[in-house]
Amino acid sequence: MGLLRIMMPPKLQLLAVVAFAVAMLFLENQIQKLEESRAKLERAIARHEVREIEQRHTMDGPRQDATLDEEEDIIIIYNRVPKTASTSFTNIAYDLCAKNRYHVLHINTTKNNPVMSLQDQVRFVKNITTWNEMKPGFYHGHISYLDFAKFGVKKKPIYINVIRDPIERLVSYYYFLRFGDDYRPGLRRRKQGDKKTFDECVAEGGSDCAPEKLWLQIPFFCGHSSECWNVGSRWAMDQAKSNLINEYFLVGVTEELEDFIMLLEAALPRFFRGATDLYRTGKKSHLRKTTEKKLPTKQTIAKLQQSDIWKMENEFYEFALEQFQFIRAHAVREKDGDLYILAQNFFYEKIYPKSN
């Protein structure tokens, strides 16, 4: 190549470089089109499968009036917040679904929009509450909390979630958009080619690392009200806290994911039997790590922490962490550095009237 460069006139060298650059751009464009075509095909196949099931459901006669066993009539919704180890946790559910006999379904919204239209909310609620073929069901997707009670549903689904330190979550998302992860390393990401570090972005006041980008975990728990997505809304944070306490079965934290899995296995063995052992001793195929991630400097962190938005998101995170640790403290005991689930700690007595 070096010899050709010497022999080739400067103009031809320039043309060769330009031709190579054009060829690379064309190749990247074709790869992007192939990825988009693959995604469209996957969606079409998924819709076809759903239609087939619905057709069988119609031919066999409606089953929504059929009585399901209480253990089977369960729906879990994991409305996962991006970059909180959600894929790692979801893959555990996929690994266990055949063994534990339940279904896992991904809720794929257009452009990952976490807010559904009113008509889609109605469809979604009706779909998963009457789709008995998919029960017990574990649904997961990047959607904000949806209150099933306001749609007149008799039996609400079980909500679970995981949240993360807000700055760590934003840093992970920033690099994910540029470099992807080790789960699908060949997939082209939206910001691929941008080599700017998170520190440089914050120093320059870039939009991808602005404090407003921290506002995500609160609206995901707050829900579908317009005020939930009003950045910095105190009402939204209060509503998110209320939902976390009153509407969520369990909310864990990324930093203590194993303990979250252990508590789920103890409380909901129908879905999570074997999950703790899989997490501890499995091949870790479910784990996912963002590529090329660089930890921010203390100066960068300090600058973000001056924002009122960070203060609110961090307050919500600390609130969730305190609640999770409270639940864990009453469910496990520690021995030799390891945690063990407590046995049943209540019983019934003085039962009247006495049976003959």
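Each Cβ is built from the backbone N, Cα and C atoms, and glycine gets one as well.
Annotated features in Swiss-Prot:
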- His140: active site (ACT_SITE)
- His142: active site (ACT_SITE)
- Lys83, Thr84, Ala85, Ser86, Thr87, Ser88, Arg164, Ser172, Tyr279, Ser285, Thr290, Lys293: adenosine 3',5'-bisphosphate binding site (BINDING)
- 24-51: coiled coil (COILED)
- Cys201-Cys209: disulfide bond (DISULFID)
- Cys222-Cys228: disulfide bond (DISULFID)
- Asn108: N-linked glycosylation site (CARBOHYD)
- Asn127: N-linked glycosylation site (CARBOHYD)
- 1-11: topological domain 'Cytoplasmic' (TOPO_DOM)
- 29-356: topological domain 'Lumenal' (TOPO_DOM)
- 12-28: transmembrane segment (TRANSMEM)
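What Swiss-Prot annotates, mapped onto the structure for a quick look.
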residue : record                                    : contacts (Cβ under 8 Å, 6+ apart)
Asn127  : N-linked glycosylation site               : none
His140  : active site                               : Ile77, Tyr78, Asn79, Arg80, Ser86, Thr90, Ala93, Val104, Leu105, His106, Ile107
His142  : active site                               : Asn79, Arg80, Val81, Pro82, Ile107, Thr109, Asn112, Pro114
Arg164  : adenosine 3',5'-bisphosphate binding site : Val81, Lys83, Thr84, Ala85, Ser172, Gln217, Val253, Thr254, Glu255, Tyr317
Cys201  : disulfide bond                            : Tyr174, Asp208, Cys209
Cys222  : disulfide bond                            : Ser144, Tyr145, Cys228, Ala236, Met237, Gln239, Ala240, Asn243
Review point. Looking only at DSSP and grouping its letters into three states, which state does Cys201 (disulfide bond) belong to?
Key: helix
Review point. Per 10 Å Cβ neighbour count, which of the recorded positions Thr87, Asn108 ranks highest?
Key: Thr87
Check your understanding: By the DSSP assignment reduced to helix, strand and coil, which category contains His140 (active site)?
Key -> strand
Point to revise | Cα-to-Cα gap, Asn108 (N-linked glycosylation site) vs Tyr279 (adenosine 3',5'-bisphosphate binding site), nearest whole Å | key: 26
Exercise for review: Work through the disulfide-bonded residues one by one (Cys209, Cys228) and point out the residue whose CB has the fewest other CB atoms within 10 angstroms.
Suggested key: Cys228
Check your understanding: Does DSSP put Cys222 (disulfide bond) in a helix, in a strand, or in coil?
Key -> helix
**Study point:** Cβ atoms near Tyr279 (adenosine 3',5'-bisphosphate binding site) (within 10 Å, other residues, all chains)
**Key:** 21
Exercise for review: Would you mind checking how many other C-beta atoms are within 10 angstroms of the C-beta on Lys83 (adenosine 3',5'-bisphosphate binding site)?
Suggested key: 23
**Study point:** Neighbour tally for Ala85 (adenosine 3',5'-bisphosphate binding site), based on other Cβ positions within 10 Å of its Cβ
**Key:** 23
